[in-house]
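For reference, TrEMBL has these:
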DOMAIN    1-243  domain 'Peptidase A1'
DISULFID  122-126  disulfide bond
DISULFID  165-202  disulfide bond
């Protein structure tokens, strides 16, 4: 790990080696593995997570870590993760904190989701998770169908919806209501532009996933949300914080 004035390391950390992978995720992706930062309750076979090792060995000064995700691929600076603190240079305004409601993933209660003045989802509140390991915005399948219909998106393949790229300026803003505050995503935030062989496609960021009754219904606020809002994972106080990224 890089640290001001040099490098530091974590000793004796257990990693799992993948010897066989059925999906193409690691074939086409520009990464070689996954670094889990959930609670110890979610660890496989009881292995101590790397952040717990950091705390135990004094590598992380405080029991908190935070993410700034730069979604501009042309920006040479890229994003940033801070272990043991937060970086005030990468957010502005107040931080809104939500208590963790279930330890495992970083789960909290969300008040609701509104698509302009057209529809409201997660009415009365629902469970949500902040997850840097999820690229898009995950929601129950019935909600995703309705949201994508409001966006004029067409299902191109199971769970994947295409938006007319020319319609982006007219698409509505989508608001996530968290702890009585509004967190707004614009079409540029929740639509992913993908260029293949000279042709650009616009993918809706809302993808369906239905969890078992003991877990769901559940929303996952992935990189599309975290890219817009600086995200703080506070283990010391068991809470998740969001502030406008900069």
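Even glycines carry a Cβ here, placed using N, Cα and C.
Because TrEMBL annotations are produced automatically, they should be read as predictions rather than curated entries.
Known features from TrEMBL, placed on the structure.
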{"residue": "122", "record": "disulfide bond", "Cβ contacts under 8 Å, 6 or more apart": "110, 111, 112, 113, 128, 143, 219"}
{"residue": "126", "record": "disulfide bond", "Cβ contacts under 8 Å, 6 or more apart": "109, 110, 112, 217, 218, 219"}
{"residue": "165", "record": "disulfide bond", "Cβ contacts under 8 Å, 6 or more apart": "193, 200, 201, 202"}
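In this structure, residue 122 (disulfide bond) belongs to neither helix nor strand by DSSP; it is coil. In the three-state DSSP reading, residue 165 (disulfide bond) counts as helix.
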